[in-house]
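Chemist: Before I ask anything, here is the structure I am working with.
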Amino acid sequence: MKTVVLLTWISCWIDVCTSAQGRYAQKLLNDLMENYSSALRPVEDTDKTLNVTLQITLSQIKDMDERNQVLTTYLWIRQTWFDAYLKWDKEEYDGLEVIRIPSNLVWRPDIVLYNKADEEASGPADTNVVLRYNGEITWDMPAITKSSCVVDVSYFPFDWQWCNLTFGSWTYNGNQVDIAMGMDSGDLSDFVENVEWECHGMPAVRNVIMYGCCSDPYPDITYTLHLKRRSLFYIFNLLLPCFLISFLAPLGFYLPADSGEKVSLGVTVLLALTVFQLMVAESMPPSESVPYIGKYYIATMTMITASTSLTIFIMNIHFCGAEAKPVPHWAKVLIIDYMSKILFVYEVGENCTTPESERTPLYSEEPMSGNSALARNHYHDDLYHDGGCYQDDCHRLRPYQYGNGHLQNHHSTHQNHLDNCRYANGGHRDDHYSNRSNQNHHSNRSQTSKGEGGEEKREPLRHYHHIGREELDYQAPPPGNLQNGGLNEPLPYPKEKHLNPASAPACSCPCPHHKQVVYNIQYIANCFREQRATCAKGAEWKKVAKVMDRFFMWIFFIMVFLMSILIIGKAT
């Protein structure tokens, strides 16, 4: 029971004291505001300077507009001064030391942001002021400020920015209102980190400026924000794509010319870099200060333009063909002989360890397989062996006769004639050819017959001659001689001594079809030689183009790498 009574008495006493404090605060406010004017500077002597202490707390960096060069910040501004007309004896007011009243009831210094860039004019916030019994007034005011900031984007995205916030009295000179710094720098204890900028300090400096319009000094306090851009976002979204795309320009030289996509690749890369360049240009201020990333894009675009131009030039070389002049001697020595080895440009199946004697030429000299020389010698003897010719060979050489473009088999028709022609030039058989077996039934099948005395004899094997490529140097016949797939008019003999009329082997029987077949082979070989010479000339130009492609590919790789290292290294 006593406890309840005690608690009730304490609560009543607290209520009485609180109501007493409220009555004294109301009485104090009425006494202070009596005959008080907020329009006049609160000093007892008008010649005396009123000191105002300014302290800035940076809460947040809301935005940095590089294009318009405007910095938006969220600040807490604290101003402290002494009002000579707002003092009281705290003992007269029941020990009341502090009251909080609206700021519009008291005089406030007209301290503003000099480099304000806000389009809308806004006055100070009407927050309460804290009034102490000794006349000290503290005014805490939040403010979202937009200040002009000279942005230097030369080192974008590795740039530092120094933005100033200058505060001073707009109408009072230094003899009337003096501004002092509450701290040597801005307060960053409550700073909220920004996703794009890092704040590395906010030093303050007090300046006294003499303007040309006035003879009195005007003090101000300038806070300098040290901002560093967070570059990781721009590295992954602007620099790295550009770096990777720039390496596609040299790879355009490695793309085969026959693919038809070399120029398309260069143009596509150029368009991609143009898009990235526009993205950078839209975010940068239109000034003479070009960022290094912009220079990097321009340099890369220049290199891609040059590589595309060189690609067009090299493709013209690649597709020179037979109509072009032969490759100059200096180009063969410099490009084909030396540069191709340095740049490791070899034909299919070759490498840097292949001996010179084993390397495949641009086009094979013989259209035959590995043992072409041996086969040529054997067939050479087959047709003109020991200067003789068998009559049955003349007929066996043409088991099929061309007639009006159709093939007709005459094997059975000439069978009797073949029997009569056996051993026309002697009955012996060359042992060199008797050992050949399993050949074509028109050329290598042994024939047997009964001779005088009843003994069984073998007719000689058919001997054919293979015309070597070196023996077929002649002039191409006119197209008019070609009818129904063969030659109807006689052709001149080749110019080589092996096939001239004087040295040609004589046949005991006239064989015009045999001679016509030889002439047809000569014409086909001549066409093949001309085609091979044309292909060889085009192949030389193609190899020149391939070596130049490989040379410019490495040159551009080195240039892109060095340019990237120099520009990025200088920017960082």
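Every residue gets a Cβ built from N, Cα and C, even glycine.
Keep in mind that this is a model prediction, so the values were computed, not measured.
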Chemist: From Asn51, Asn351, pick the one Swiss-Prot annotates as N-linked glycosylation site?
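Modeler: Annotated as N-linked glycosylation site in Swiss-Prot: Asn51.
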Chemist: Select, from Asn164, Asn435, the one residue given the annotation N-linked glycosylation site by Swiss-Prot.
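Modeler: Checking Swiss-Prot against Asn164, Asn435, the N-linked glycosylation site entry points to Asn164.
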Chemist: Same side of the membrane for Arg132 and Cys511, as recorded in Swiss-Prot?
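Modeler: According to Swiss-Prot, Cys511 sits on the opposite side from Arg132.
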Chemist: Answer yes if the transmembrane segment (551-571) and the transmembrane segment (263-283) have at least three CB pairs under 8 Å among residue pairs 6 or more apart in sequence, and no otherwise.
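Modeler: Contact between the transmembrane segment (263-283) and the transmembrane segment (551-571): absent, because fewer than 3 Cβ pairs are under 8 Å.
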Chemist: Quickly jot the same-chain residues contacting the transmembrane segment (297-317) by Cβ under 8 Å, restricted to those at least six beyond its ends, or write none.
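Modeler: For the transmembrane segment (297-317), the nonlocal Cβ contacts are 242, 245-246, 249-250, 252-253, 257, 262-263, 266-267, 269-270, 273-274, 276-277, 280, 541, 544-545, 548-549, 552, 556, 559-560, 563, 567.
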Chemist: What residue among the disulfide-bonded residues Cys163, Cys214 has the most other CB atoms lying within 10 A of its CB?
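Modeler: Counting every other Cβ within 10 Å of each candidate, the maximum falls on Cys163.
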Chemist: For the transmembrane segment (263-283), find every same-chain residue at least 6 residues outside the stretch whose CB is under 8 Å from a CB in it, and list them.
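Modeler: Beyond its ends, the transmembrane segment (263-283) has Cβ neighbours at 66-67, 156, 238, 241-242, 245-246, 248-249, 251-252, 255, 291, 293-294, 297-298, 300-301, 304-305, 307-308, 311-312, 315.
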Chemist: Rounded to the nearest Å, what's the C-alpha distance separating Cys149 (disulfide bond) and Cys213 (disulfide bond)? Just drop the number here, would you?
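Modeler: That comes out at 25 Å between the alpha carbons.
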Chemist: Other than its own, how many Cβ atoms are within 10 Å of the Cβ belonging to Cys213 (disulfide bond)?
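Modeler: By my count, 7.
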